[in-house]
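**Student:** So TrEMBL says this about it:
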COMPBIAS  361-382  compositional bias 'Basic and acidic residues'
DOMAIN    208-295  domain 'Ig-like'
REGION    354-382  region 'Disordered'
TRANSMEM  321-345  transmembrane segment
């Protein structure tokens with residue numbers, strides 16, 4: 001049986017679920033994950049995120065909802081009845097997920113091993129254009145399984161194993177209308193309400209910690225920024241004050257565990273003469289913020305990992321190396337694990353996330369009768 005410790009698995013889910021919202025767009029998303037065959041990890045996890053910032057978390061081990069933002073605690077934490085309702089709703093979702101997972105495993109003739117069923121429902125609102133989009137998607141072991149077409153109110157089955165589910169769900173008109181209304185109306189209302197309540201936190205600006213990193217003397221120099229918020233940022237290398245693109249590799253913006261973000265941009269220095277190093281610098285920019293964070297390309301400031309220990313000027317111990325970088329390494333290892341047979345939540349170009357699947361016993365799915373997704377916290381009355 002494949003074994004992952006709980007911390008590593010949570011980091012992996014963070015990387016899977018962390019997607020960057022475009023400038024002007026805001027999102028509210030709900031992720032449900034059911035798994036089996038994964039040691040030391042809850043068999044059911046539910047997460048709610050606003051603009052990729054975690055709002056609430058529930059899993060089958062702790063059996064309670066944890067509010068992750070102070071403003072959410074102030075908004076919802078003083079209602080003990082809400083906490084009870086949320087717990088019961090999550091337990092109901094867990095039960096449905098188990099039924100769906102069992103059904104899906106039969107569809108794929110899977111009797112053992114690692115199995116992961118995922119669901120993502122959510123909405124996006126562009127505060128500049130007013131455009132609204134919604135999505136309700138499922139996946140099985142990292143592959144798209146079925147998704148709702150909001151225009152036709154029918155389901156799209158990219159896998160032959162999902163065709164039976166599609167026919168069942170297409171016939172459940174009430175369920176389909178519920179999901180369409182939820183992701184295009186209720187979700188948007190909650191999104192706007194949360195943006196107002198969390199304004200001071202969500203609209204804050206936190207500058208990054210920037211480091212220069214290098215694996216080996218011949219490796220590219222990585223300009224690594226971590227701890228910044230929001231994710232509407234860019235980073236690039238310059239030479240003589242002009243942005244350069246040749247010999248530059250841009251990494252994606254990824255989430256940290258605390259709701260901040262990290263990113264990197266690599267510069268291939270193989271053709272850079274020693275006397276020209278001072279002509280290069282790394283620039284971090286926030287959208288709408290005039291002041292840039294500029295880091296000069298300086299050998300004395302590069303953190304390396306060759307030799308007996310991590311060094312920076314031959315004196316920085318491992319404990320001072322950025323925790324976020326370690327998190328990225330863990331994430332990369334976990335992604336390799338995915339390729340060997342776990343699950344990958346893939347991004348769909350120009351179409352948001354590719355969601356993992358979680359339902360198939362939907363013909364008796366009680367969730368569409370609940371009139372509210374509960375956002376893990378049953379916030380509809382707010």
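In case you wondered, yes, glycine gets a Cβ from its N, Cα and C as well.
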**Student:** Per DSSP, how many helix, strand and coil residues does the domain 'Ig-like' (208-295) have?
**Tutor:** 6 helix, 46 strand, 36 coil
**Student:** Would you mind giving the whole-number mean pLDDT across the domain 'Ig-like' (208-295)?
**Tutor:** 94
